[in-house]
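Per TrEMBL, these features apply:
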BINDING   Arg96, Arg106, Arg134, Asp223  substrate binding site
BINDING   Asp223, Asp247, Asp251  Mg(2+) binding site
BINDING   Gly281, Ser282, Ala283, Pro284, Asp285, Ile286, Lys287, Gly288, Lys289, Gly290, Ser291, Ala292, Asn293  NAD(+) binding site
DOMAIN    4-352  domain 'Isopropylmalate dehydrogenase-like'
SITE      Tyr141  site 'Important for catalysis'
SITE      Lys191  site 'Important for catalysis'
Amino acid sequence: MKKRIAVLPGDGIGKEVAKGAIEVLQAVGERFGHQFYFQYGMIGGEAIDTLGTPLPDETIELCKQSDAVLLGAVGGPKWEKKPAHLRSEQGLLRIRKELGLYANVRPTSYYPSLADASPLRKEVIEGVEMVMVRELSGGIYFGKPSERIQKNGEDGVVDTLYYQRAEIERVVRLAFELAVERKGKVTSIDKANVLESSRMWREVAEVISKDYPDVELEHMLVDNAAMQMIKNPKQFDVVVTENMFGDILSDEASVLTGSLGMLPSASLSERGPYLYEPIHGSAPDIKGKGSANPIAMILSAAMMLRQSFGMNEEADAIEQAVNQVLDAGYRTKDIMTFGKKLVTTDEMVGEIKATLMDNEAIMYIMSAYA
Ligand SMILES: NC(=O)C1=CN([C@@H]2O[C@H](COP(=O)(O)OP(=O)(O)OC[C@H]3O[C@@H](n4cnc5c(N)ncnc54)[C@H](O)[C@@H]3O)[C@@H](O)[C@H]2O)C=CC1
Ligand SMILES: CC(C)CC(=O)C(=O)O
Ligand SMILES: [Mg+2]
């Protein structure tokens, strides 16, 4: 199969982990006989420095012309204090809007070999299999006005949380569709005891649930949810929530796997192309140190193969290789524990690639003897 993939490495460790994912995809292409064409686009701080905007038109065009988009991460202290139109994160928000990416699907799985990398007890996290569906192109990150204001002679500030009913409906429906294929439970997380937007969210969830009689719907307030996620994460199957709540809760959920560097994501739209990115940011604190964990990015590439290209076997092969490498004890610094083998970003990528290719050799030998 031939596929065009737009690659937006972005800033900081975004570049380091994107490079690793491309190498793994090249290995997959070699093993399974696919041709992946990678075309690079600028986004975030790098784009501001080079072209004066966090999202150049060429990047938008490139993404729209591609079969899928892979994104590293954007941001860094250099651009933090700039006016809004020159902040790196604006590039990310805008590409989500331009591509109509309304749902960000963030799976969180338990890795037996990483049980000791999580600060949580093994009994609490063992068997966790949850997927968070975060609304991605509306809510408080997009509402206008969002600005400093003067009111009654005082300095003030306003952000706006706005949703059209239809925006809530489509993301909640997607969560129910996922639940049908999974354990049949949707937890809708909101702040309905305070926010009117959450009361509409709850109403919509109730209406949509009528189309899915075999799926259990539960509502949970976000403050309680933050606590339940750590205390009893096994109760969750599919979680659906507003943009900012989902942003925060999914970083929290990463603790269940051992590290933020383990969680991939798929951002879905009505028409495609879809975008795949790790849930973490550009991690300026470890940039250039060779300690970034590339697994979240590599697993995002696996999600792309499965979701956008229907390449299930290929995605399974990546996930299997990642598991084998973790089982063999290879660890980047964020998941390092006593007695394991500490490796750099590039070495981790190298181990995953080598395992992918070794597995092919083993399958070839086995088929020869079958
Ligand atoms: N999708 C994106 O592009 C995102 C961008 N950001 C931006 O990234 C910048 C840094 O934000 P932070 O709040 O520090 O969040 P962050 O996610 O970049 O890092 C948080 C902590 O996790 C660690 N970490 C993150 N990814 C890791 C990995 N793959 N391997 C090992 N350790 C990892 C970092 O070293 C840091 O200690 C900011 O400019 C922020 O706006 C933040 C989140 C998402
Ligand atoms: C610009 C932010 C909304 C990025 C972020 O934290 C995320 O998407 O997880
Ligand atoms: Mg985030």
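Every residue number used here counts from 1 along the chain in the order it is shown.
Positions of Cβ are set from backbone N, Cα and C atoms, glycine also.
For ligand 1, no neighbouring recorded positions occur among Arg96, Tyr141, Lys191, Asp223, Asp247, Lys289, by Cβ distance under 6 Å. The 6 Å Cβ screen around ligand 3 retains Asp247 from the binding-site residues Arg106, Asp247, Ala283, Lys287, Lys289, Asn293, ordered by sequence position. For ligand 2, the binding-site residues lying close by, meaning a CB under 6 A from one of its atoms, are Asp247; the full candidate list was Arg96, Arg134, Asp223, Asp247, Asp285, Asn293.
Summed and averaged per residue, pLDDT over the domain 'Isopropylmalate dehydrogenase-like' (4-352) gives 97. Each of the binding-site residues Ser291, Asn293 was scored by how many other Cβ atoms lie within 10 Å of its Cβ, and the smallest score goes to Ser291.
Note on proximity: of the recorded positions Arg96, Arg106, Lys191, Asp285, the one nearest Asp251 (Mg(2+) binding site) is Arg106, by Cα distance. Look at Arg96 (substrate binding site): DSSP puts it in a helix.
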